[in-house]
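Feature annotations, courtesy of TrEMBL:
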- 75-172: domain 'Methyltransferase type 11' (DOMAIN)
- 6-32: transmembrane segment (TRANSMEM)
Amino acid sequence: MELTIFILRLAIYILTLPMYLLNFLGLWSWICKKWFPYFLVRFTVIYNEQMASKKRELFSNLQEFAGPSGKLSLLEVGCGTGANFKFYPPGCRVTCIDPNPNFEKFLIKSIAENRHLQFERFVVAAGENMHQVADGSVDVVVCTLVLCSVKNQERILREVCRVLRPGGAFYFMEHVAAERSTWNYFWQQVLDPAWHLLFDGCKLTRESWKALERASFSKLKLQHIQAPLSWELVRPHIYGYAVK
């Protein structure tokens with residue numbers, strides 16, 4: 001099986017050689033950062049349509065974590081185009097963090113379409129280093145389709161715990177590796193190196209639930225599902241929330 005995966009990966013390397021050459025020259029990351037927001041605008045429309053019921057279920061109790069003022073302070077890490085905004089409760093104060101500054105103009109459009117929210121600011125930063133956000137300053141952190149592409153899952157989860165107030169919650173929805181005995185997992189392994197480059201660092205084979213289980217949360221509510229998505233490779237999902 002490993003030999004078959006190696007041969008198929010080699011064939012894909014050959015077919016996508018121009019992409020790897022651009023990456024070697026240091027140009028691919030710049031191209032991807034420019035292109036990816038336009039792809040994500042289209043992808044998130046489809047994703048939200050197919051995952052709407054799961055997102056509504058996931059975010060249904062967000063308001064329970066509001067602070068004494070009654071207003072929910074929410075930090076979204078890897079905010080992208082603001083695809084989650086419509087699922088947040090009215091009056092929610094939202095701060096967004098993303099390492100790609102090219103998302104800002106798409107965020108402005110999403111803010112204009114979601115007047116029920118109170119937008120605070122957009123910070124250009126990686127989730128592993130959110131030093132612009134003070135310790136214990138937010139009620140909720142949200143992270144969807146982000147843990148698949150961060151460089152260090154443990155570090156970003158430590159940062160999440162740092163910025164959350166005691167009793168605050170971390171909400172997540174992520175595609176993950178399929179069960180190892182399945183054909184889906186086989187093809188995830190074959191395509192992962194090329195997928196990683198094409199989709200701005202996204203990894204198909206991450207077992208993100210393990211990092212969540214190791215993190216220092218007092219409570220973890222996590223479910224594994226087969227998401228009702230068109231792309232079978234990303235159907236294996238986890239979603240839920242963790243309390244600090």
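The backbone N, Cα and C atoms fix where each Cβ goes, glycine too.
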What is the number of residues in the domain 'Methyltransferase type 11' (75-172) that are helix, strand and coil, as DSSP sees it?
27 helix, 32 strand, 39 coil
If I take every residue in the domain 'Methyltransferase type 11' (75-172) and average their pLDDT values, what number comes out?
94
